[in-house]
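Below is one structure, written out as structure tokens; comments come after it.
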Amino acid sequence: RIRGGLTRSQQGATNATAKKYPLRQGRSSGSDTELNDLKACDTPPRTPTGNGPYSESDPEVSGPGDGPDERLAKELSLKEAAAHDLSHRPKRRRFHESYNFNMKCPTPGCNSLGHLTGRHERHFSISGCPLYHNLSSDECKQGKVTSRDKQVEERALSHRQDENRHSTRNQAPSERQLRYKEKVTDLRRKRNYGLNKEQKEKHMDPRQSHGAGREPLLENITSDYDLELFRKAQARASTNLEKLRLAGHASSEGGNMIKSIVFGRYELDTWYHSPYPEEYARLGKLYMCEFCLKYMKSQTILRRHMAKCVWKHPPGDEIYRKTNISVFEVDGKKNKIYCQNLCLLAKLFLDHKTLYYDVEPFLFYVMTEADNTGCHLVGYFSKEKNSFLNYNVSCILTMPQYMRQGYGKMLIDFSYLLSKVEEKVGSPERPLSDLGLISYRSYWKEVLLRYLHHFQGKEISIKEISQETAVNPVDIVSTLQSLQMLKYWKGKHLVLKRQDLIDDWKAKETKRGNSKTIDPTALKWTPPKGS
């Protein structure tokens with residue numbers, strides 16, 4: 001086909017001659033191939049007279065048949081060869097070599113050499129310091145080689161079973177998984193539960209000589225298998241943390257990162273970076289009012305603020321109260337400053353949170369515990385006012401001082417209670433944080449076991465479970481699969497009622513009691529308009 005008087009092949013030829021790309025090694029012309037041949041030869045190239053190596057200072061000698069075109073071609077080839085020579089450029093450095101060498105490891109007595117992962121020659125933080133972890137650089141490198149061999153072996157085994165990995169009918173564990181489970185069980189049985197006198201003295205010596213400058217010795221505290229998993233997690237976390245610091249998202253020791261906050265009668269160590277204003281972030285410690293969440297620079301300013309602050313509970317409407325537990329509904333549009341401060345506070349303990357200032361499209365449900373001084377913040381969750389995918393939670397947090405006390409499940413249960421009142425099926429927004437995923441899986445497990453405990457029929461429907469519990473069917477199916485209660489037999493999906501799991505849940509429920517549960521009769525709430 002002809003376009004503009006040129007065929008497609010002619011256009012290609014024209015473009016090929018018009019576009020030039022820099023090449024690392026010259027080729028395609030006769031002079032370039034000659035240069036390549038000369039570079040490949042062991043002996044240096046000789047002049048046309050054969051007297052010695054050719055250099056630019058020597059007079060140019062050309063053969064009797066050389067014309068001006070050939071001499072021009074030789075000059076161009078020499079210029080191209082010089083342009084393609086990259087020896088004068090600085091060597092490209094790896095990521096971990098790109099930081100400032102003035103940065104030193106803060107561990108006393110450390111020379112900043114080596115890295116916990118064994119991959120890098122230097123480190124600049126405690127998290128990557130072999131000396132702090134009571135290791136040497138050589139031990140870290142040897143551990144890296146061993147872990148690499150294990151990864152290669154595990155990858156080869158996993159590739160052999162790829163064809164069965166996505167089978168929907170094969171819900172039972174594979175032979176490899178069962179063997180691995182038995183292996184882990186045997187390794188954990190070998191744990192040494194008691195320490196003799198020599199081991200106790202060995203564990204106490206580093207603490208007495210180095211204090212908090214070294215990590216406590218972890219050998220003989222748990223099984224070797226669990227200790228190896230912990231070491232791997234430490235190494236991976238140190239790499240991610242130093243990458244964030246080099247990229248500017250987090251700071252090194254002494255940089256712009258809030259390390260602790262004074263919140264009520266607690267002083268809390270922070271987990272992640274939060275984008276507070278720089279003048280506050282560089283202080284390292286923030287002082288917060290636990291009622292209005294205003295952040296301040298010093299204890300004196302906080303004391304003066306508390307003398308004048310009239311807040312004793314979150315703003316908004318109190319929609320739930322039972323004993324000393326209350327839940328307040330706070331509109332992000334009506335109480336913008338409070339909700340922004342709440343999001344900044346939550347980011348100190350959440351890794352995946354990205355919402356800080358755009359709080360107007362959200363409702364915040366703040367749980368508090370009351371005493372004679374006021375309503376103290378326990379945790380909160382937020383949800384969109386109009387969620388297209390029926391998410392009933394956008395972000396959820398339990399304050400660190402109230403973790404592992406049942407408040408996280410109370411927040412999750414309360415979010416599903418609101419979904420039941422709205423007559424909707426809800427699900428949390430993804431991705432969930434690590435702690436959030438653990439909490440939700442535990443909650444879904446309890447909901448399903450409670451439903452099966454009271455269920456008396458012979459045929460069960462996922463849709464009916466979803467409508468009664470307000471849990472998304474996808475979450476129900478994934479939970480049943482994780483509990484190995486969903487099987488495929490003779491062309492039908494069967495739900496197995498495992499009495500052993502139900503008995504375990506019943507025993508834990510009786511031991512825990514009903515102190516940390518949500519009472520639906522204590523809710524005084526109507527869904528907002530347009531939800």
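Note that Cβ sites are derived from N, Cα and C of the backbone, with glycine treated the same way.
Per TrEMBL, region 'Disordered' is recorded for 1-71, 140-217, 512-531. Look at TrEMBL and you will find 7-17 tagged as compositional bias 'Polar residues'. Summarising the annotation, TrEMBL assigns compositional bias 'Basic and acidic residues' to 140-166, 176-187, 197-217. What TrEMBL lists as domain 'MYST-type HAT' is 253-527. Under the heading active site, proton donor/acceptor, TrEMBL lists Glu429.
Sorting the compositional bias 'Basic and acidic residues' (176-187) by DSSP state (H, G, I as helix; E, B as strand; all else coil) yields 12 helix, 0 strand, 0 coil. Averaged across the domain 'MYST-type HAT' (253-527), pLDDT in this predicted model comes to 90. Residues near the residue listed as 'active site, proton donor/acceptor' in space but far in sequence (CB under 8 A, at least 6 apart, same chain), listed by position: Leu389, Tyr391, Val393, Ser394, Cys395.
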